[in-house]
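TrEMBL has this to say about the protein:
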TRANSMEM  B:53-73  transmembrane segment
TRANSMEM  B:78-96  transmembrane segment
DOMAIN    B:99-278  domain 'ABC transmembrane type-1'
TRANSMEM  B:102-125  transmembrane segment
TRANSMEM  B:146-173  transmembrane segment
TRANSMEM  B:225-244  transmembrane segment
TRANSMEM  B:256-274  transmembrane segment
């Protein structure tokens, strides 16, 4: 089985994690564990199945354990209990040598604060992972050049990181991670340190690259907008435990609890929801206009208004009609959001 | 019990202890002195040949070479000019030969300190246990009056260049060890994590990340070591090390004010040149930091 499976993962920080693990399994919460035994519950019974070739977003506020979780996938942090299986291989069972090879060839990572080598040029930073893999100098050169161009940094090869802006530095970080050709890309709050506009830019860069590369990406963020924009699958963490798993539609339409409702209420639904989440089977008066099922509500409303229709057919990727969508329903769903806000 | 007298050790016990330790060390010296001296032969060899090179080469070539080295290390024309005239002044006052001997000695001592000190500093940075053991040793090395550790050095090696240089190294090595340790411990944890995440071996991590990032601190340590080596020149002269310390010693014994001051000034000139040149070199190594965005 490919992809990444995380099973019953626990991480407890402290002097005697085994003792604390027993207590947690008996139902002790994070606060109590901290007060009574001064152990910190990092992760609690995490089970995630991350499919091959998709983007799995892990979202949570600071202290929710998301950065701890991503570091278990390449074992920068040792778990207290549980299993991490990547491409059918148990990461926790690897010897030191195997783990090094696994990190060098299978996974690569992008960091929140870029973590570039300040004394190396852009080119030589991007080559770092290839150096570790033992790739020859000429091939390193060619491959790093290719990725520097792909992330839009052509011409900056000989610059040092300190000469670049934050957004450009993170492009170096991304190029460094992509250059190793690892199947798994771990992104730890990779865009969180960037300005909003540059962040959107980088999200576009990532999505565009992903549409072609089809890597297995684990993306950590504290920003729900970013999570909804990027993630095929989203998993929300709180206090080290999973609160909800699902895709963007699920999370917006069916938030699991008040915690998530609180997050979701400020989201621009029209930009996230797809028309297939609102469509009906009632094809009467559906007219001739056809909209793809993946169309977002705001885009659908705009197109329908421009064409001056009140109802349109919804089609799937093979152009087969699967339902109909009414402009009223779209408007209502947007209004519903306004109501939610006004009652708060 | 008499509360006014300190309960001292019995005189005889103290005498026996003193005798035991003195004789023990003397026996050790007799048994191993030669072995240790032979083991340190490379240091002596390097010092001798480097000194001969500086002394046998015509002064004008040495003077130009020194100025050239300072220029290539610092890229500062005024410093280079200052080096040229400073060294010329030393020669004009009749201390060229002593200055060359001193230069040979501090170069050897610095090289020895760096070769020994950087690995020790790395060891300290890698292991908290090593650090716990090393710290008090370094404290003792730095605070023990240098005349005190001259005693076992003289007992082991007698009088001459080798004991002089050993004394200088003992005195000058702590800063390079401490600052190498500090520099490596201060390396950004995120960058280290990145190196790990890409599967670096610990050797690659050390050579590609830790040492380069710690280099400004390590260079500060090298600079400190050189300065301390220069400060030891006069003390080392007491055990027979040649160089600018000798005229100072002679001046103290005979109350020759001019001789003492001029030799002292020559040491100051050497110190300023080496300090400025090594600092400028250290900064140039960090050129990528200067052009902050």
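Glycine residues also receive a Cβ, built from the backbone N, Cα and C atoms like all the rest.
Segment contact holds for the transmembrane segment (B:78-96) and the transmembrane segment (B:256-274), given three or more CB pairs below 8 angstroms at sequence separation of 6 or more.
Each of B:53-73, B:146-173, B:225-244 was scored by its Cβ pairs under 8 Å to the transmembrane segment (B:102-125), and the highest score goes to B:225-244.
The transmembrane segment (B:225-244) shares more Cβ pairs under 8 Å with B:146-173 than with any other stretch in the list B:53-73, B:146-173, B:256-274. Taking Cβ pairs closer than 8 Å, the transmembrane segment (B:146-173) reaches residues 25-26, 29, 33, 36-37, 40, 43-44, 47-48, 105-106, 108-110, 112-113, 116-117, 225-226, 228-229, 231-233, 235-242 in its own chain, all 6 or more past its ends.
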